[in-house]
């Protein structure tokens, strides 16, 4: 099919030869493209918007042919959330709580601990006996033990694939968005659990933690002089083994028990010898628990970087561990079997993921617990190979050593759990207490109800999809109208009807109506012609309207469009004729004045005028494209039209007469004007003999006289006050001339206005008076103290020489005289200088002015500040910010030394016209205060400096983001300072940090870190590490 524009031209080509009054039904149907050939599927790739008979590519392809019924819904099979047979239940990861999930699974599979927790008294039994379940209330555990009871019961008998541990995590007060130290959390929770169970009356419950996890060792110190042995016995719940420099678990245990020599400054005070003696110290294992927890110290403190790091060394360990060689008392069995391996995936100590490999004590099978996902290992052996291959290899990493039968190697294991062999064999079934089972059954019932509800929703969606499929297959084939009776329906509605993701709404054709409530010819591109049979079914099923039959073809609109098209064609011919007439030489002086601007754009104005006529036809019944037309919108459009100049109005003066400016108009012939007048009958008409506006002539003469007078006044004032105009040789308090007794003050506003007039007297009004009253307070006093003028004061006042003041009094009307006199006080040489002002200072108002100035400096919006980037070896930040080894000032020698290095930084490669910026340090400001008043406070940028627009209420963090875009320095690499003060509170506003307009902030960027994992560590360590402060693990 031809492009839409070609179809548009073809639909109206007949208008070139047919007059409006000759339009027939055939012409109307051609304009509405009734008889265009329909497109064929497979040949037409996409829908032809210019052809109302093209019904291809409107969304029908997804319904034709075979359809997968799963596409009718977006609901997953609820049975996917069901627990698999002979499998375990997973735990939801709440964000960064995977380390908690691994410990919960390990503790759950400790049958003795689970049995003891089930024996704890609980408010849950009261809940099940009372009206809790019958009343439909949700059970809320109150204590840590109750949370574990309920969790373990669900893990044991729930029908769900995974459960939510958020109640338990909230009870501990853990932050689910922050990953904590897994090794520390294990110790703290074990301590909390023991403390909680120690209050139980049942000894099997009270002592379960000690019986299962508690062992004893002794710190034994032997004096080398007398041989005296001292012991310090201590309990342990896990052994913390150093892995650095070791390859096997047995080596780590041997180092843990290794004898240490105490010599030199580290000698031992022997109570028997009553003096410091050389000695040996070691740890002796006195007794071992049933469950032996071995912590592999993978996360250690790095003294060089100042934060934690992970040791990724491989450690070998066996499935069977004989601890007899390491125990002092040899009686009994000390052979342990591996029951759990806790893994940390990731190279950083501050991020990663935790999983657990745990052995089922009843079946002997190994399972991998990864939050919601539980995977059973093939066979009866532990398999760690997949986990060890997850991290990306690097050149510095060592190869994985070969492991023999019954042994394993891991660089990610951080905790090994061994069970005593006798304990491993003596396992019994643990039954869920009846009161807990009742809660589990209730949760299972909710889950089953949810499964039934989801299955029903899936079934309903599939049934609807099938019905829609049959409807589309039936109706789509009957959509083409051919030569049958037809109607028009919007393309958008047809597309939504074929879109399975959105419900079908009633048909709405209002947007396609013209002012005569018929189908607008211009809207045919968004309409489709369908058979009357299909339209009847659509309207009966979905409703809507209005129905657009063959009677909806609007003859009035077609006739009007024909008229406008013919006028546009005529316009093209007349445009050529007028151009030729304008080029021809005029005979005689008779003609008409036409504005040059109007002559350049008359064709465009005529076209717009024709388009407006077309638009007015749409608005004639109060609608635009079928939408109500508001009065407010019409008023705004009229106002805009009034502001735009119509044809030949560009030569009208303000009084509505012919303008006196001859450069803006030209004379055209009578014939040319006649052609133009056909299109603009209401245009102003000015024959060649028409006189210009008399009022404008009078004003022009007066303006010329005033301009000459202003120039004369400006020249006289400039000659009388040359230094004041050029801002040269200005007085200042620090260099008070000896032959001058007094200085005078005028407002800066007066100076600015006067200089503006003198520079451009023709465009400005002469300044007639000096308004010094604005510098005085309501009490008539002065609001400035001259020994301590601020930078803001200097923007308000200017000092004047006595000779200049005399001239000012002659040239201007002065309302208030403000005079400063300097006197020497005291006999000491040099004497102290004082300044006396007339009128006198008003202390209260001066204080108020200073407060207001400070307030204004800290309450600003869209003010300019400057950020100056310094490189590492520049000296500019050394003095004022020693913490960053930087300063806000530098000597000229320092600048010269730093120049070669500064040029290496791309932010320093800026042109500054070869000028050097003045000092902006504290010293520079002190010098400024000594001068008190200076002419220009304009900031001069230098290399490495960029201007930023900021507001007082934006935070330092937001400023750092702006700096990041300007300098390509990440916020965590930015070290900022102002006047020697480090800016480090990201939440503070710029106003509170003392950043005022025109401030210069120094930026020192940290060197980029190539190791992205290390960069993550830096990000984490920048935040104060609080560990488990404020959580339930510390008893809070």
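Cβ from N, Cα, C; glycine included.
As the structure is a computational prediction, the values presented were derived from the model and not from experiment.
Record features (Swiss-Prot):
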type     : residues : note
ACT_SITE : 98       : active site, nucleophile
ACT_SITE : 353      : active site, proton acceptor
COMPBIAS : 618-628  : compositional bias 'Polar residues'
COMPBIAS : 896-907  : compositional bias 'Basic and acidic residues'
COMPBIAS : 908-924  : compositional bias 'Polar residues'
DOMAIN   : 89-421   : domain 'USP'
DOMAIN   : 460-554  : domain 'DUSP 1'
DOMAIN   : 569-692  : domain 'DUSP 2'
DOMAIN   : 712-825  : domain 'DUSP 3'
DOMAIN   : 930-1010 : domain 'Ubiquitin-like'
MOD_RES  : 887      : phosphoserine
MOD_RES  : 888      : phosphoserine
MOD_RES  : 889      : phosphoserine
MOD_RES  : 957      : N6-acetyllysine
REGION   : 611-644  : region 'Disordered'
REGION   : 881-924  : region 'Disordered'
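Within 10 Å of the C-beta of the residue listed as 'active site, proton acceptor' there are 17 other C-beta atoms, taking all protein chains into account. In three-state terms derived from DSSP, residue 353 (active site, proton acceptor) belongs to an extended strand segment. On the 0 to 100 pLDDT scale, the domain 'USP' (89-421) averages 84 in the predicted structure.
Remark: secondary structure over the domain 'DUSP 1' (460-554) totals 47 helix, 18 strand, 30 coil, with classes taken from DSSP. In this structure, residue 98 (active site, nucleophile) is part of a helix by DSSP. Within the domain 'Ubiquitin-like' (930-1010), the DSSP-based counts of helix, strand and coil residues read 17 helix, 22 strand, 42 coil.
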